Amino acid sequence: MVKFYDREFGSRLLIGSALYPSPAIMQDSIRESGAEIVTVSLRRETAGGKAGDQFWSLIRELGVTVLPNTAGCRGVRDAVTTAKLARELFATSWIKLEVIADNDTLQPDVVGLVEAAQILIKDGFEVFPYCTEDLSVALRLVDAGCRVIMPWAAPIGSARGITNRDALKLLRDRLPDITLVVDAGLGAPSHAAEAMELGYDAVLLNTAIAKAEDPVAMARGFKLAIEAGRTGFEAGLMGARDFASPSTPVIGTPFWHAVS
């Protein structure tokens, strides 16, 4: 089980709802992933109007928990306003907080992110901040009251996988009581498994599944990879070594093979 604030979930995969070839494939992919939390963009979809009604009907049919986000927001005021609208529309205090600094890299504006998180937490929100892998930023977010931190592995949609393994490991080591979710930049199931092997609590995916040749099959692949990576972490991975270490003992081997 993984805990997000005061709620527990069985799946360690959070999934996005954008970019799928069709609404039906979106639904099938989410079901196949086993995800219990689905992120939605308030800026991309509307809760009113025919198109918006159809989208929300599809989401409701899945019986999942909705995590609205502030994707596309370029400043603190914009992000805070969007978060408050999301709370009214979806009757949830959860918000995936994104404050973007640059349109080319979609890198988080970490200064604005911390400020927005402080404002929203004081207003009763439970914030899921999308941030870089910088420990100092994560510590400021924790000080602001965030109990979930969502560092990127690489820029959104880049499919590069974990580019700064040491920094992500440091976050895990220094924040043992915080729920950590790798968010953005993963492109293959092996990337997700690596994140879980580092001890991360969950992974958030969208583009890697939605843009696959077979999104439904890819959703299943990520589900299995996350389960495998978590199992490996819990089992206790052996440490890497600089030199070889024989797995077969020399006791009982023929004498002519023994080293004198």
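In case you wondered, yes, glycine gets a Cβ from its N, Cα and C as well.
Values in this document were obtained by computation on a predicted structure and should not be read as measured data.
In the record from Swiss-Prot, residues ALA184, GLY185, ASN206, THR207 bind 1-deoxy-D-xylulose 5-phosphate; the candidate from GLY157, GLY232, GLY236 listed for the same site is GLY157. Across the structure, GLY157 (1-deoxy-D-xylulose 5-phosphate binding site) and LYS96 (active site, schiff-base intermediate with DXP) place their CA atoms 17 angstrom apart. In this structure, ALA184 (1-deoxy-D-xylulose 5-phosphate binding site) belongs to neither helix nor strand by DSSP; it is coil. Cα separation, LYS96 (active site, schiff-base intermediate with DXP) to ALA184 (1-deoxy-D-xylulose 5-phosphate binding site), rounded: 13 Å. Ranking the binding-site residues ASN206, THR207 by the number of CB atoms within 10 A of their own CB puts ASN206 at the top.
The 1-deoxy-D-xylulose 5-phosphate site is defined by GLY157, ALA184, GLY185, ASN206, THR207, and by the 8 Å test on Cβ atoms against their centroid, the other residues of the chain that qualify are PRO155, ILE156, SER158, ALA159, LEU186, GLY187, LEU205, ALA208. On its own chain, GLY185 (1-deoxy-D-xylulose 5-phosphate binding site) has TRP152, ALA153, ALA154, PRO155, ILE156, GLY157, SER158, ALA159, ARG160, GLY161, ILE162, THR163, HIS191 as residues at least 6 apart in sequence with a Cβ closer than 8 Å to its own Cβ.
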